[in-house]
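Q: Sharing a structure with you now.
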Amino acid sequence: MSIKTDKRYLPEGKYVMMGNEAVAEGALAAGLSFFGGYPITPSTEIIEHLAKRLPEVGGCCMQMEDELASINAVMGASLAGAKAMTATSGPGLSLMTETISMAANLEIPFVFCDVQRVGPGSAGPVTAPHHNDIGLIRFAGHGEFQVIALAPMNCQELFDLTITAFNFAETYRCPVFILSDAYLGHLHETVHIPPKEEILKRVIRRELPQNLSKKFSYKDTSTGKFIIPKPPIIGTDHCPVMFLHSPHNSDGFPSNDALGFMEVLIEKVKTNINEIAITEEYKLDDADIVIISYGLPVRTSYRAVDIARKEGIKAGILRLVTVWPF
């Protein structure tokens, strides 16, 4: 796949963008080269925007026949060396959970934008926001593994944190979620696009590994540290002999040490929580009451705290930008 860079980065400046468009542009800035998705309200504008923009930069945007095909296509594209992404809402996420588990097992990096809406069910007020997927994305799929989830609160953060999400996916080789919602996805706000040179300094590129002996993460028994090699790429010398859907060792061969395998999938992320966890504090120094908030509702929480302060109530906010791991 030939990747062009001349149109990948918008000229520096301020743009009025829909939230879903900000996600798409953030993904392009992060190096996205494959998007596989299926239209679903309220995330549809992401695939619509990328259907136009990705071909301009030599990438591929595919509308698949359903959500299952979408996430499997994304997993295959990532194995072939592409930075890959999908986007959906709650009903689509429900269908994708099996492959999320598979991707975690194989340590395949990809980004997943969940533009949440009211549920359960697939009808009714589908353009109304909700945050009921926060538990589902943490425990999606069978087996034990750790995901990363980020919760932007405005359109600027949808752009910025999408870049961060791709960096986390490349670094920790796990599914990374962007938790948006119907209001945030359709909100129009000013987004500042930094210079291309500044973006490139932030982006972690997909590179061929230098060490060809280890294809998957493992625990170094001499130090107790968890080592995360660069992702294997099909068609290169670093490609393992097989990709297993069951416990395997660092070379990709079957392993009977299921507990050790699960430990690697969990602890390779959790032991790096200081680099992953992003939080913000608001008026916590003397707070008697602390509101823990994330996503779009943080904006209302700020106002609630300010009102409480005027009434003599010492309230503050702990904002979770990274909601998982927590």
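Using the three backbone atoms N, Cα and C, a Cβ is placed for every residue, glycine included.
Note that this is a predicted model, so its numbers are computed, not measured.
Pulled from TrEMBL, these are the listed features:
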DOMAIN    25-242  domain 'Pyruvate flavodoxin/ferredoxin oxidoreductase pyrimidine binding'
DOMAIN    287-326  domain 'Pyruvate:ferredoxin oxidoreductase core'
Q: Taking every residue in the domain 'Pyruvate:ferredoxin oxidoreductase core' (287-326), what is their average pLDDT?
A: 96
Q: For the domain 'Pyruvate:ferredoxin oxidoreductase core' (287-326), DSSP counts of helix, strand and coil?
A: 14 helix, 14 strand, 12 coil
